[in-house]
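Structure first, then comments.
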Amino acid sequence: MSLGYAEKLSFLEDVGNVGMTEYFDSPKVLQEKIERLAMMIQKSKHLVVFTGAGISTSCGIPDFRGPKGIWTLQKEGKVLPEASLPFHRATPSMTHMALVELEKAGFLKFLISQNIDGLHLRSGIPREKLAELHGDSFMERCPSCGIEYMKDFEIETIGLKETARRCSKVGCGSRLKDTVLDWEDALPPKEMNPAERHCKMADVVLCLGTSLQITPACNLPLKSLKGGGKIVIVNLQKTPKDKKASLLIHGLVDKVIAGVMEFLSLQIPPFIRIDLLQTIFTQALSLDKKYVNWTLTVTSIHGNRAPLPFIKSVEVSFSEYQNMKATVLDKQPLQLKRRTVKSANPFNIMMKLNFSDGCKCSSAEIKIPIDFKISAHVFNDDKDSILQNLRESAIVDPSCGQTAVIEKKVIMVPKSEIMVHAIVTNIVKFETTCGDLKRKYEGFNGIIPSRKRSNGRRPRVVNGR
């Protein structure tokens, strides 16, 4: 169970101003400011966006300093809020996805975030155009070779500590470290240097949902001023940098960005979440060579010891003519062991994957053909193309639960066939109608029905610091 980022941080008595008053521009003033911002973006040559916790509150992740922020409630001696969904199942907001479209359209040149929720990467922002100043709760980094590993589960530590996993690069094998900073940790040059460089180049720095109190990050937008750049701040509370801004907008970030996208005639793309798991079918002859002892393991692509957080249980059944009893696997590691006569005909294993809370459909089904004749056939299909086709099919048919095999490999000793399956577990479409913002297919009161496809306590978590 996660204790949440705020509870993992070292104690700090003075965390800055909290519980600050929220201000809202009138509808008329807000619309005028939205149009002005849109024109600034349209004319910009080098737009940099700087984000804080305020862009993720609509995702169900509490902030720190707002009226219901973690530190505000702690100071008032009140009970902390529970996250509205498991942290690892949080989905990007309308603003997250709008930034993806702005990048694709050529407006957004670089994105700087103080958030540790991983939603910018999950939304589709290219890693090379993103600086995560305070780290990422879902990322591990190898201190030796620098390879980054994005996980589908929250890393158990913060403070750049060693984790239980090792680098998989051939010849390396170093112990991985988490990437989330504690108070005493310096901002990593790998993130800070490009952030500073792009701010110096920026003609517009757009600050979204941040109180601009945490140094040295909060001073980055000011780097643009020397070169004639302008700062825009969209936040409900006043910030220490307001006097430096060319435009101040007091409004909900999602509403402001939705208005900007409408003015620019840009569509906010849907968010399609695809989760991965692997099935490992291992076989060996019995000593008398009359039977095949086989094992089916359903596991994380990050290794057998890594959790598989989006799976609650797996219902396993077999072809009708097989005299094998169905079973339910509900304890990880998910593993089934059986024995079959060597002369058995090929058969299929059907698996119904029951999803955990936070998925937008209840289950999906995959089929694994078994014939005990493992070949060294190489799976040559392009993984990126398969994933793109899966996303496109999910947009057309948003019932969720679509699956595809994206990788298949064979190990001869012991005889094993490993298949990596991609599964659509979340679909979020965004609509703006007469100023109202909607997340279609969101919310847990109405779970989308499961979809069948055949082929090969909740954490208190907040963003930033």
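Cβ coordinates are placed from backbone N, Cα and C, and glycine is handled just like the others.
As given in TrEMBL:
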- 27-267: domain 'Deacetylase sirtuin-type' (DOMAIN)
- His134: active site, proton acceptor (ACT_SITE)
- Cys142, Cys145, Cys167, Cys172: Zn(2+) binding site (BINDING)
Densest Cβ neighbourhood among His134, Cys167, Cys172 (recorded positions), 10 Å radius:
His134
So what's the mean pLDDT when you look at the domain 'Deacetylase sirtuin-type' (27-267)?
92
Would you list the other residues of this chain near Zn(2+) - those whose C-beta lies within 8 angstroms of the C-beta centroid of Cys142, Cys145, Cys167, Cys172 - in sequence order?
Pro143, Ser144, Gly146, Ile147, Arg166, Ser168, Lys169, Gly173, Ser174, Leu176
